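K.L.:
First the structure, then my questions, so here it is.
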Amino acid sequence: MTVLAEPPTFSATAAYPGYRSTTAPTASEAGALADPDSTVDTWALHQSDPVNVDGYRLVSRLGAGGMADVFYAVAPTGEPVAVKLLHAVDGAAEACLREYRLASAVDPDCTAPAVGHGVSTAGAYLVTAHLPGYRSGTTLVGGPTPAEQLWTLGGGLAQTLAAIHGKGIVHCDVKPANLLVRGHDVRIIDFGIARYVGERCGDEGMVQCSRGWAAPEQLRTDPATPAVDVFAWGCLLAHLGAVSTRSLAAVKRSGSCGSSWRNQICSGCPRTWTS
């Protein structure tokens, strides 16, 4: 069985007709670092979405992935937060608790700090702080990103990953959708498939990855090392800096993580990708 997380790129306005931004996007947003004065990007709740999760009032959607939906919400205290509501599958509560522990173990300056978790009638959920002014890394897609901004983003993300690795944790899902950016500050969120160093990258018979960003070690379910995140870091910078992203787009459209696709990644970069 293969589990794939959210594809690396998407158009919110095309995929979600109710999409809105609380600040008007600037013409330079595509392929550039996020504006420090920008706030949260959201789109309307679906009719099937809950409106309240254990006292957290859900206001709008922030993201959607292969294992959970993320909502902009208001805590019982009145504070704005993000609520990650896991899909109703076996082991969701255990997975939520594990993610809470992993996210809580890293420096709070590296991520959106986890502030709570639980199981409600709507399902298992994780609550993190809302960071005003930070934009999703998906706003950077559409490049090429100017070199100076790419250096800033790459350096900031490298520092964040180094701090996470210093805690003995490998994120295993570095991609634009899991970045929060404000000026020079780059944070990474979603520790749903993160591993402690030395743990296998996946469970028996299951590959957990995001197609287009996964390192060979993940596809082989080898023990996790910081190299997994370094591989994805390189993919991300290459993707944002490229004039054309057709090669990566072809990988993402190639269907499931079948043996042919895994073999292609594990055997090295195809010659046509280096042209």
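Using N, Cα and C of the backbone, Cβ positions are placed for all residues, glycine too.
According to TrEMBL, the protein carries these features:
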DOMAIN    56-275  domain 'Protein kinase'
BINDING   Lys84  ATP binding site
K.L.:
Tell me, roughly as an integer, the mean pLDDT over the domain 'Protein kinase' (56-275).
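P.N.:
Computed over the domain 'Protein kinase' (56-275), the mean pLDDT is 86 on the 0 to 100 scale.
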K.L.:
Which three-state DSSP class does Lys84 (ATP binding site) fall into?
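P.N.:
Reduced to three states, the DSSP call for Lys84 (ATP binding site) is strand.
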K.L.:
Name, in the order they occur in the sequence, the residues of the same chain whose CB lies under 8 A from the CB of Lys84 (ATP binding site) and which sit 6 or more residues away.
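P.N.:
Result: Ala68, Asp69, Val70, Phe71, Tyr125, Leu126, Val127, Thr128, Asp190.
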